[in-house]
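Below is one structure; the comments refer to it alone.
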Amino acid sequence: MSKFRPTVVLEKKSTKDAMRTMGPAKVEVPTPEKYLKKHSKELKLPEQAQKVVINSYTMRKSAVPARTDNPPMGFQTQRDFIKTATAVPMKPKPTSVDTSKGHKQLLENSGLVPKYIKKKHYGEVPEYLQQRNEEEQRAQEEYDMFVEEQRKQGAMKHLSDEERHIVLEGLKKNWDELHHDYQGLSLVTDNLSKKARRDSLGTAMKQLENDIKLIERFKTIYIPSY
C-alpha cells in the first residue's frame, strides 16, 4: 500500500461537497404571509418605462372647437401639392448578392450586366472595315491612274452628257427587247434548248442591268476609243 494513502483520503474528504447533486435534505418552507400572488412571477418593466406608458394612456386630447369659434386664417405653406401628388415613387435599384452572408451590391456595378460603352475599343471602326476601306480606296486610285494614262495615250475618250444619255437609252431599249423575248418563253422547260435559251436571256438581262446601274451612278464615264 502507498504511504500517501491517508493523505489522499483526507484530501478527498476535504474537497467533497455536501448535497452536490441531490440538494439539501430539508427545504425551508415559506411562511404563510408569503403566499403566491397573482402575476407575481411575471416580468415587470422598469419604473420609468411604466410611467411613460401610464402617461401616454392618461393624456387627454384637446377639446373639440365650439361652433362659434373661427378657424385660423392667413396661413400659407411652401409645399407644392401638385408636384407631390404627381410624383412617381422611386423604385429600388436591382442588386446582386455575392456572398453567403448576404453581402450585396448594385447590379449595375457588379460586372454581371454587359456594358458595351465601357469596352476598350467601343465606338472605333473595326480593323477589317478599315482594311476593306483601304483596299477599296487603293483600287479606286489604281483605276483612276489607269484611266488617266489611257486617256493621255488616246485609248479612251470622255463621254459627254448627251452621249451618256444616248448610251443609257440604248441599254434600256435592249433590256426591254430581251425582257419581251424572256416573257414569251414557254413555261415548261422540257428540253435542253429551252433551258439554255432561258439561261442566256437571263444572263444578258443581268449584264444590262449592271451596266445601266453603273452609268446612272457615275456622271463621268470613259470608253475605249477605236
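From the backbone N, Cα and C atoms, a Cβ is placed for every residue, glycine too.
A TrEMBL annotation is a machine prediction, not a hand-curated record.
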Problem set entry | region 'Disordered' according to TrEMBL, located in which of 1-25, 51-75, 201-225 | 1-25
Problem set entry | Within the region 'Disordered' (1-25), residues counted as helix, strand or coil by DSSP | 11 helix, 0 strand, 14 coil
